C-alpha cells in the first residue's frame, strides 16, 4: 500500500536499548505494515544509541546505525524524532531532552521521573520550538491515560484523578491477599521472578507512583507539575493482618495515587488505601495498572491495562510516534505552559474521610482504653475496633475503622499516642476510598 | 487568560437540540474558561437548528442565532464546524453530513447509526476535503474509546475488540441479576424510569450495540465498516432462570458486542454472553458501558464509563471540538479509506468455544435422553447438564454447558431438535466468554 503513504518515512533515533527499547524495535518490525497504514507513512528506526554497544540484547541491531555520541542526534537533519528510553530524572536523559527540544527535534520519552521533576521546563522548550514532546509510556504503560486526560476528558473539570500506578506494588499486595502471606516473603519471590527490582525501594516506597501521579494531576487539573507536594507512603508496612482485617470489613488494600483539586488547593498523595469491593480498583489484580478520572460532565472514567513490560510500554511509545507521523499533537501539558495554574498544595488535615488504624500493642490491661481515650481526645469517632491475636507472644493487634472525619484528627490521635510504651511499633494508618 | 489563546474562537453550529444538544450547550457554558485554555481558543456556539423552534428545552437559547434551514450551514464562512445531534441513519442527518463534508466544513457527530451505515462514504468525503469528521460520542458515550482505538492502541494488531455497548440492556440484565426479577417486569420499570425508550427494540434487540460494534471493528482492524455482517441477538429471551444458572456456574450474563479479525475473516456478533466473574466485564453494572481491546503488544486494554446521558455524551462531543480547535485530527477511520481492508465475514460455525443452552421441555420421560442424543449426534461434548423446576406446570428447564467445540455443532444440535414436540419453546443459546 505504499501508494497510500502521505509522507516520507518517519525516521527515528532510539536511545536506550533496555527491555523497552528492544520492545520498540520488535513492535516496529512486527507491525510495520499496519503501522504504516495507520501513521500515513512507515516508521523506521535509523539510528540507535546506548551505553554499551557490545551487550547482547537478543534483538538484531545490525540494520541500524550505531551512534556513540547521542548528543549529535538533536541536530541531525536525517532524524525526525528522538525516542529516549534511558530513564533517570537527570543525567543523560535530561541533557538529551533539552538538546533535542531546544534544537526543534520532536521528542518521545517513557521517562516519568524526568517529567515529574522537569516536565514544565521541557514542555516550555517544546512549546517554544513548536515541536512534539510526547510521553504516553511514562504513565500506566500501555494504557492510553495521557491521551485520555489530555484529550479524551479535556472538556471536563476533573475533580480527582487516582489509580493503581505501580504494577510491582499491586502484584505484591494482591499476592499477599490471595495467599495470605507476608510482605517480605512475597517481595522476595517477586524479586526472584523478576517482577521486582533487586533494589525495590523506588517501587515499593511509592516514588514511581508519585512520579506518575504528578504528571496525571497536571494534565487533569491544568496545574503546574508539583512532585515535591506529593505525600508518599509505600507498602512496606502493610502486614497480612491488615489485608485480612480489610477483607473482613469488605475492602481490599491497594497502593493508590490520588490527586484532588479544589478551592483549598491541590492534594496529591500516594499511599495504601482500603478500596471497597464495589469500586473497580478493588478488582485490579496482579501487575495491572488502572486510572480513574472523575469529571463534572463525563462522570467516572476508568482505564485498566498492563502498566509495564516491554510490549505494553512499546505500544505506548509507538502510539506517540504515530501521533507525530500523523502530525496530531500539540501542547505537551494540554495547554500552553503559561496557562497552567500554580496551585497551592492543599492541607491534607482538612480532608474528610474514613481511616483504618492498626496498632501493635502490649498485651496488658488498659491498652485499649488508652487508645480509645486518645481517639476521643483527638475528636476521632470510631466505627469499629477489633483486637485480635491475644495469644501472640509479641503483642496484639488492634484495628480501628473511624467514622468520616477530618484527617488532622487521625494525625492528632497518633501524636497523642506517640511515646506510649503500650505501642510496640509505629501505628499504621490507611485511608478508605469512598 | 485571553492572551494565551492561539486562535480566534472556534465557531460552532449545533444541529439537534435534544438531551445531548442541551448537554453540549451547558457544558460549553459551564467549563468555558477551562475549555478555552485546553483548546487554545474559546469554543462558541454561534448558530443552532432543530425541528421545532418553540419547544421548551430548559436551556436559554437566546444567545444563539436560530437557523431554520440547516442546509445553509455547510457553506457559511462564519461557521467553523457543524455538530450534528439529530440522529437517524439516513434523512436530514445524512444530508447535512454530506453537504458539510463536501463543502469542506468540519463535522462532529454522535450518530452511530449513520456512521455504521454510511461511515465509509462520509470518511471519504472528509478525506477528499481534508477536514475533520469526528464521532467520539457515537460509541460508548463519554468513554474515549474511538480515540483509544484510533490512536491509543494504534501500534497494535488488535485480535478482538468487544464490550458492553448498550447501557439500557446492561441496566436491565444487572437489575434482573440483583433482584431476581423477570425481563418484562424490569423493562417496564426501566421505561417508567426513563432508562428505556417507549419503543425499546433498538436497544434491547441489539441494533444500537451493533452500530457501535461496526465502528469499533473498523477502527480496531483497519477494515471497512460492515454493519450487515453483524449477527445480532438481543436480550428479550434471557430469563431469570438463565441468570440464576449462570450465577451458579460462576458467570454473569451481559449483552456483549464482539468483533474478531483473523485469517478466516471478520467475525462480528452482538449477543448475550456468559462472562466469567474474573473478567472485568462481569463487574460492569447498571447503565455503564465498557470496551475491551486485545492487542499483540499492549495486551488487554479495558475502558469503562458512562455510555449515555447528556453529560457524558456532551463530554465526548466537546472533546472532538477541542481536537478540531487544536488542529489535532486526521483520517476519520484511522487511515485513508483506500487503505482499509475489505475483509470477508468469518464463518461463525468454525469458531471454537463453550456455550450455554437452555431448553424448556415437556416434563415426561425421555426428554433428557432426546436432548442428550441430539448433542451427541451433533458432536457437542457436554460439560454439565442441569434440570430444574420439575414441579412447574408449564414444563421444566434443562440447561447445558458444553465443552469447547465448534459453534456449528451447537447449531446442528438445535437443528436436530427443531420440530420436536418435547420442546415447549425455542431453545436459548448463549456463548461463554473465555
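Just so it is clear, glycine is given a Cβ too, placed from its N, Cα and C backbone atoms.
Going by TrEMBL, these are the annotated features:
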type: BINDING; residues: B:15, B:16, B:17, B:18, B:19, B:20, B:21, B:22; note: NADP(+) binding site
type: BINDING; residues: B:112; note: NADPH binding site
type: BINDING; residues: B:197; note: L-homoserine binding site
type: ACT_SITE; residues: B:212; note: active site, proton donor
type: DOMAIN; residues: B:356-434; note: domain 'ACT'
Distance [Cα-Cα, Å, rounded] between residue B:21 (NADP(+) binding site) and the residue listed as 'L-homoserine binding site': 18
Residues flanking the NADP(+) site, with Cβ no more than 8 Å from the Cβ centroid of B:15, B:16, B:17, B:18, B:19, B:20, B:21, B:22 and excluding those residues themselves: B:14, B:23, B:24, B:50, B:57, B:85
Counts of helix, strand and coil residues, the domain 'ACT' (B:356-434), according to DSSP: 23 helix, 28 strand, 28 coil
Rounded to the nearest Å - Cα separation of residue B:22 (NADP(+) binding site) and residue B:112 (NADPH binding site): 19
Lowest local Cβ density (other Cβ within 10 Å) among binding-site residues: B:21, B:22: B:22
Number of Cβ atoms other than its own within 10 Å, given for residue B:16 (NADP(+) binding site): 25
Residue among the recorded positions B:15, B:19, B:212 whose Cβ has the most other Cβ atoms within 10 Å: B:212
Cβ neighbour count within 10 Å of residue B:18 (NADP(+) binding site): 15
Same-chain residues at least 6 apart in sequence whose Cβ lies under 8 Å from residue B:20 (NADP(+) binding site): B:85, B:110, B:137, B:310, B:313, B:314, B:317
Distance from the residue listed as 'active site, proton donor' back to residue B:18 (NADP(+) binding site), taken between C-alpha atoms, in Å: 20
Cβ neighbour count within 10 Å of residue B:17 (NADP(+) binding site): 23
Residue B:112 (NADPH binding site): tally of other CB atoms within 10 A of its CB: 27
Cα separation, residue B:112 (NADPH binding site) to residue B:212 (active site, proton donor) (Å, whole number): 6
Local confidence of the domain 'ACT' (B:356-434) - pLDDT mean: 92
For residue B:197 (L-homoserine binding site): intrachain residues, at least 6 apart, with Cβ closer than 8 Å: B:168, B:191, B:203
Inter-residue C-alpha distance, residue B:16 (NADP(+) binding site) and residue B:112 (NADPH binding site) (nearest angstrom): 15
